[in-house]
Each structure stands twice: as structure tokens, then as C-alpha cells.
Amino acid sequence: MKKHSARVAPLSACNSPVLTLTKVEGRESLCPFRARPHSGTPGLRPPVTAVQVRKALWGVAMVMCVCSSWAGSTQLAKLTFKQFDAPFTLTWFATSWNCLFFPVYYVGHLCKSPERQTPRQRLRECCRFFGDEGLTPKVFFTKVAPFGLLWILTNYLYLQALRKINTTDVSALFCCNKAFVFLLSWIVLRDRFMGVRIVAAILAIAGIVMMTYADGFHSHSVIGITLVVASASMSALYKVLFKMVLGSAKFGEAALFLSIVGSANFVFISFVPVILYFTHVEYTGSPADIPWAYLCGVAALLFAFNILVNFGIAITYPTLISLGIVLSVPVNAMVDLYTCDINFNTVRLIAVFIICLGFLMLLLPEDWDQCIIQLTTKLRKRDDPAEVAGETGANAGLNWRGRGRTSLSTYAR
């Protein structure tokens with residue numbers, strides 16, 4: 001790994017949320033049956049710490065916020081297209097809000113950091129992420145601009161898919177990006193091979209085929225499914241290439257990177273919505289006819305979602321953040337059930353279920369099999385009180401034996 005990115009531990013691209021760039025060292029696993037080194041009476045599992053409880057409570061709040069922001073932006077974007085049928089203009093407008101990432105981060109830096117720096121000092125320090133020379137024109141066009149294009153393509157294709165099919169199908173199919181990330185990281189990043197993740201990828205592909213079959217292979221539906229699968233592919237490509245080219249970023253570095261992406265989008269891509277307007281490809285009438293409240297609502301929700309998935313790992317577990325994404329699927333399904341004419345036939349329900357199941361399987365830690373073995377051992381001891389009494393004594397309670405070695409943290413490789 002390059003010198004400027006070696007300060008942050010490498011992150012398995014499959015283990016982190018969608019489009020997140022940040023990595024915090026020393027993340028703990030959610031597996032409660034993992035053996036941990038501890039002092040004190042041998043054979044007794046250490047009690048749950050206040051830090052773990054706090055992270056879990058923050059995780060519950062984070063799941064709700066991620067789910068509501070992602071589902072809310074999807075539903076509001078679908079509603080916006082009824083009055084403002086301009087997906088690229090909406091993409092450009094929402095991406096431009098990325099300019100606010102670094103200012104928001106700097107406010108947090110002033111509030112939390114004991115060593116406060118001026119904006120210029122902090123900016124100069126974060127620019128080291130791009131190399132010893134900082135952000136040069138060469139670095140911008142080779143290491144930033146391509147990711148900006150992938151960001152725009154991901155969001156544009158997602159919004160285009162919303163114009164073709166319902167939000168339930170779009171949100172479910174977009175969850176396939178997790179499987180695409182695994183396949184790409186396995187091939188490109190030489191990530192660890194896991195059979196359970198191969199099964200999850202197969203489930204995701206099967207879900208895509210079944211989703212297409214659910215509507216009878218109509219052209220309108222096939223186009224929409226193709227668009228959202230392409231969006232998920234762009235998201236996966238963005239993640240894997242970022243890990244390969246730039247490594248993992250600290251919070252300030254990720255905030256600066258995303259602010260540069262938003263600024264470049266505003267400066268260099270602004271001519272595209274203008275051309276689309278005058279060529280009547282995305283004609284919206286006068287500026288007074290534009291539903292600015294809807295546009296700002298979509299942009300604000302997407303901005304909040306990206307803040308949560310990129311910086312939320314500072315206070316909770318990455319797995320819980322990813323869980324909020326998949327929970328947006330049933331939320332969108334409930335909204336679609338009452339707001340639009342959607343046919344939840346058996347094939348569609350099975351397709352949504354296996355895609356979500358594949359997504360959840362990809363969240364399993366790398367030593368999930370050891371967790372299952374330890375859980376099984378615990379249950380066997382509970383079913384055999386005589387064995388427990390022989391090992392721990394009459395008043396010792398359950399005996400949680402370590403396995404002779406400490407498992408690696410799920411998110412630290």
C-alpha cells in the first residue's frame with residue numbers, strides 16, 4: 001500500500017457499507033460468542049462493557065437513520081419525477097451538495113478535537129492523502145475525476161431506474177452491489193475467498209433473474225432492472241477501485257475527497273443540465289415551475305445518508321449501518337403497497353427475499369463458522385447441566401471457554 005494510505009489499516013471492500021470510504025482501526029465484531037483475551041478467572045467470559053452497550057445503542061439509532069434517509073430519498077425522488085422529469089439535473093444538483101462534506105467535518109473537528117487547527121492547516125494535512133505533493137492537476141484527473149464520474153453514473157442510473165420500475169424493486173436490486181463488491185474484490189484485490197459469499201453472490205444473480213421474470217420480461221421492466229443493476233455495478237466498481245488506488249481514508253481525508261467530487265461536479269458538469277434544458281431532453285419550463293422543495297429534500301436526504309455511511313462507523317459497528325440499507329427494502333414495499341399499483345406476486349416476493357438474504361450473508365464475519373461452533377457448544381452445555389456442574393462447580397454458572405487463540409477482528413485484517 002502507498003505510504004500516505006498505510007496509516008489506515010486495509011479494509012475488506014465487502015465488509016463496509018455502500019460507497020463508504022472511511023475505516024477506523026480496531027473495529028470490534030458483533031459476534032457475541034467470539035473468544036476474547038482477558039484476565040481473571042479462567043474459563044469465564046468477560047462481561048459486556050459500557051462501550052459495547054453504547055455502540056449497540058448508537059447502532060440501533062444509526063440503523064433507523066440510514067434506513068429512513070435511504071428509503072426517504074428513494075420515495076421522494078420517485079415523487080419528484082411526477083413534476084420534474086429530469087434525472088440528470090437532479091443527479092447534478094444532489095451531487096453538488098457534496099461540497100458541504102468538508103465544512104461539516106471541520107465543524108465536528110472544532111467541537112471534538114483537543115488540538116484545533118485552522119481550516120488551511122487541516123486542509124493541507126488532509127491533502128497528504130493524495131501524496132507528498134498534495135492535490136495536483138495530475139492527481140485530480142487521474143485519481144479524483146474518474147471516481148466523480150462513477151459517483152454521477154451510480155446516482156444517475158439509479159434515478160433513471162426509478163422512472164421505469166417501482167421503488168421496492170429498485171432498492172432490492174441495488175442491494176446486489178454488495179455481491180458485486182465481493183466478486184470484484186476477490187478478483188482485483190485478492191480478498192479472502194469465502195464459500196458463503198459465493199453462495200450470496202449466486203443468490204443475488206438468481207434474484208435479478210427472478211425479478212425480471214416477475215413482470216413477464218416486458219421491455220419497460222427489463223430496461224428498469226438493467227439500469228439499477230448497472231447502478232449497483234458502478235457502485236461496486238467505485239468502492240473496489242478506491243481501495244485499490246487510494247486505500248482507506250481517515251474521516252478528514254474522506255470528507256475532503258467527497259467535497260472535491262462535489263465541487264468538480266458543480267464546476268465541470270454544470271454545462272450538461274444546461275444543454276439538456278435547451279435541447280428539451282430535460283425541459284422543465286421556467287425556474288418558477290421547478291419544485292425546489294422536492295429537489296432540496298432529495299439532495300438533503302442523500303447528503304445525510306452519505307454522512308451516516310461514511311462517518312457513522314466512528315460511533316457504531318459497520319455491520320449495523322449496512323443493515324439499515326437492506327431494511328429500506330421492506331419500508332419501500334410498505335409505502336408502495338399503499339401509494340401505487342404494485343403486484344406482489346410470489347416470484348417478486350421470492351426474488352426480493354433471496355436478494356436481501358444474499359446481502360445479509362455478505363455481512364457475516366470472516367470467522368462466522370467459529371462463532372457458530374462456539375454458540376453450539378454453549379447450547380450443548382446449557383442442555384447438559386451435569387456437564388456444566390462438573391466444569392464450573394455448583395455456583396459458577398455457564399462456562400464460556402476460550403478456544404486457545406484470539407480470532408481476528410471482523411473489520412481489521
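Yeah, the Cβs are placed from backbone N, Cα and C, and that goes for glycine too.
Per TrEMBL, transmembrane segment is recorded for 56-77, 89-108, 140-158, 170-189, 196-214, 220-242, 254-278, 290-308, 315-335, 347-364. Residues or ranges marked as domain 'EamA' in TrEMBL: 57-212.
For the transmembrane segment (56-77), the partner stretch with the highest count of Cβ pairs under 8 angstroms, out of 140-158, 196-214, 254-278, 290-308, 347-364, is 290-308. Touching of the transmembrane segment (220-242) and the transmembrane segment (140-158) is concluded from the presence of at least three CB pairs under 8 A, sequence neighbours closer than 6 excluded.
The transmembrane segment (347-364) makes no contact with the transmembrane segment (140-158), as judged by fewer than three Cβ pairs under 8 Å among residues 6 or more apart in sequence. Between the transmembrane segment (89-108) and the transmembrane segment (170-189), the number of CB pairs under 8 angstroms, six or more residues apart, is fewer than three, so the stretches are not in contact.
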